[in-house]
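Colleague: Swiss-Prot lists these features:
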type     : residues : note
BINDING  : Cys454   : heme binding site
CARBOHYD : Asn162   : N-linked glycosylation site
CARBOHYD : Asn407   : N-linked glycosylation site
TRANSMEM : 18-38    : transmembrane segment
Amino acid sequence: MAGELYKWIMDATAGAPLPFSLALVAAAFVLYNIVSIITTAYFSPLSKIPGPWYAKLTDLRLTYSVFAGNRIYYVDSLHQKYGPMVRIGPKEVDVADPAAAREVHRMGTVFTKAPFYRLLSPGPVDNIFNFRDQKKHSQRRKLYAKGFTLVELRKNWESTINKTISMAVQKMKEEAANGDTELMGWWTLMANEIVCRLTFNGGHGTVEKGIKDPFVLMLEKRKGDLAHLLKMFIPPLYYVGRVLGKVNTRMNDIFYSQEKMFKAGAGVVKSARQDKEAGEFNQNLFAKALQEGEGDAATLTDTDIITDAGALLLAGSDPTAISLTFLIYLVLSRPELQKQLEEEVASIDGEVTDTVCEGLPLMNAIIDESMRLYGAAPGGLPRSPPAGGANLGGYYIPEGTVVDTQNWTLHTDGATWKEAQTFDHTRFLPENRLEFSEKQKMAFNPFGQGSRQCLGIHLGRLEMRLAVAHFFRELRGVKLAKSATPESMAVVDSFVAGVPRDRRCEVTMKA
C-alpha cells in the first residue's frame, strides 16, 4: 500500500509547483496514517479481542500509565472489566489466563522477547537478559548456567553470601537499637556486594563501608532512567536531551550514562581476564564463562562482559532488595506471625545454612506468599509472535503484535486464588501446596518460566532464605517505624520493577 501511494504521489506531482507538491505530500501522509489507524483498529484480527474503544486507536492512555507509575493497576482494571484477554493498545494485548500465559513463556515457545527489551540493555549490544534470538540466548546462558546452579552456589559462594548478609543485618541491628534503620538501602547494598563478588570479584567492602562499587554507581544512572523512557516513547525528546547533555551536567549524566558506565566497567573486564589467567574460576563468574567459551564462537568480548555485568547486576540486586523489604513489612504488620517466624528461625541449631533454611516450612511459605503479592517484577513481560502470527487463548495474534503477561494480575486473580488480595502464607505451607490446582501452578511464576526464566532464581531464593533467617534471629522483636505505613509501602510500577512508593521502609528496636 505504501509503495502504491508513493508511486501515485510521484505521478501526481510531476511538473507541479513546489507548494502544491508539498501540500499533496502532507495530505497523503495524513490520509495514509488515518487509514492505517482505522484499518488496525477495526479490521485487524485484534479487533475481536475485547478492550476499551480508545485502545484500538491509540496507546496514549497506556503510555500515560507508564509515566504515572501505575501501568500494572491500569492493565489489571481492564482485565477486571473485559476478561483474561484484553487489547490495551492498537497492536498490544495483555494475557491474564494462566494457560495462555504458560503458552507464551513455556520451553520451546514460538514467542520471542519483544523489541522493547533492547531498551533494557545497559550497553550497545544485546545481553543475557534481552537477546531476542533464541539460539544466541541459549549460547550465552550456557556460559553462565553452571555457576548459577544451587549446588555450585552452595559449594563456592554460600560462605561469602552468608558473611555479607550477616554483616548487613548487624548494621541494621546497630542502627535500630538507637533509632530507625532503613531496610531497602541495606538490602540493596547487600545484594550489590553479593552479585559484584560473584560476577567479577568486585564490590568488596560495599556493606562494611556503605559505599557501592563504582561500576554499580554508574550503572544506576543508566538504569530505568528518563533517557530509556524517552527513547522508547518520545524519540525526538531523547535526541534533544543528547544535544543538551553536551552543555548541561545533569543532562549529561542522564543521556550519556552508557558511555560513562563503559568507562567505569573497564575494571570489570580487567578482573575477569586476570582471574581467568590465574585460574581463579571459583572467584569470578566471568572468568569461568571466558574459560567455557574459549575457542568458541560464543566467547565473550570486552563489550559483552561489561554489558552482561550490568544486566546481571540490575536483575540480581534490586529485585532481591525489593522482595526482602516487602516481606519484612508484611511480617512486621502481623505480630503473631512475626513471633512464629522468630521462633522457627531461633530453633536452628548451630550455623545458619541454606540447606537448613530450605527445610523451614513457615519461612518458605512466607517467602512465596510475599512474592505472590509483592514480587519485584509485577509488570508486563512483552513478547512477539512469530512470522505469520499465532493462535493464543482462542484468538489469532498477528505478526507485529506485542503480547504481555503481568504477574500483578496472574498472582491476584480471584478466579485462580481464594481471597486473592489477602496475604495468607498458609496457602504455601507444604500440606496446602500439594492441593494447588493446575491453574495455580501455572499462574505462580515470580521468577518467570521456560527458557527465559530468571538465570539467578537459585541465587535469589538462597539470599532470601538466609537474609530472612538472620534478620529475625538477630532483630527479634523489631517493629515498623511510624514512617512505614500502607500508603508509603504501596506498590509503584517503576518501569521495570514494583517498588514501595517512598522507596524505603524503616524499622526500629526502640520501645
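Our numbering is plain: 1 for the first residue shown, then up by one each step along the chain.
Cβ atoms here come from the backbone N, Cα and C positions, even for glycine.
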Colleague: So what sits near Asn407 (N-linked glycosylation site) in its own chain, CB-to-CB under 8 Å and at least six residues off in sequence?
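Modeller: Result: Gly375, Ala377, Pro378, Gly379, Asn445, Pro446.
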Colleague: Give the distance between the Cα atoms of Asn162 (N-linked glycosylation site) and the residue listed as 'heme binding site', rounded to the nearest whole Å.
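Modeller: Answer for this pair: 22 Å between alpha carbons.
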Colleague: Including all protein chains displayed, how many Cβ atoms other than that of Asn162 (N-linked glycosylation site) lie within 10 Å of its Cβ?
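Modeller: If we count other Cβ atoms within 10 Å of Asn162 (N-linked glycosylation site), we arrive at 20.
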Colleague: Within the chain of Cys454 (heme binding site), which residues six or more apart in sequence place their C-beta under 8 angstroms from its C-beta?
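Modeller: Residues satisfying the criterion: Ala315, Phe447, Gly448, Gly460.
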Colleague: What kind of secondary structure is the residue listed as 'heme binding site' part of, going by DSSP in three states?
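Modeller: Its secondary structure by DSSP: coil.
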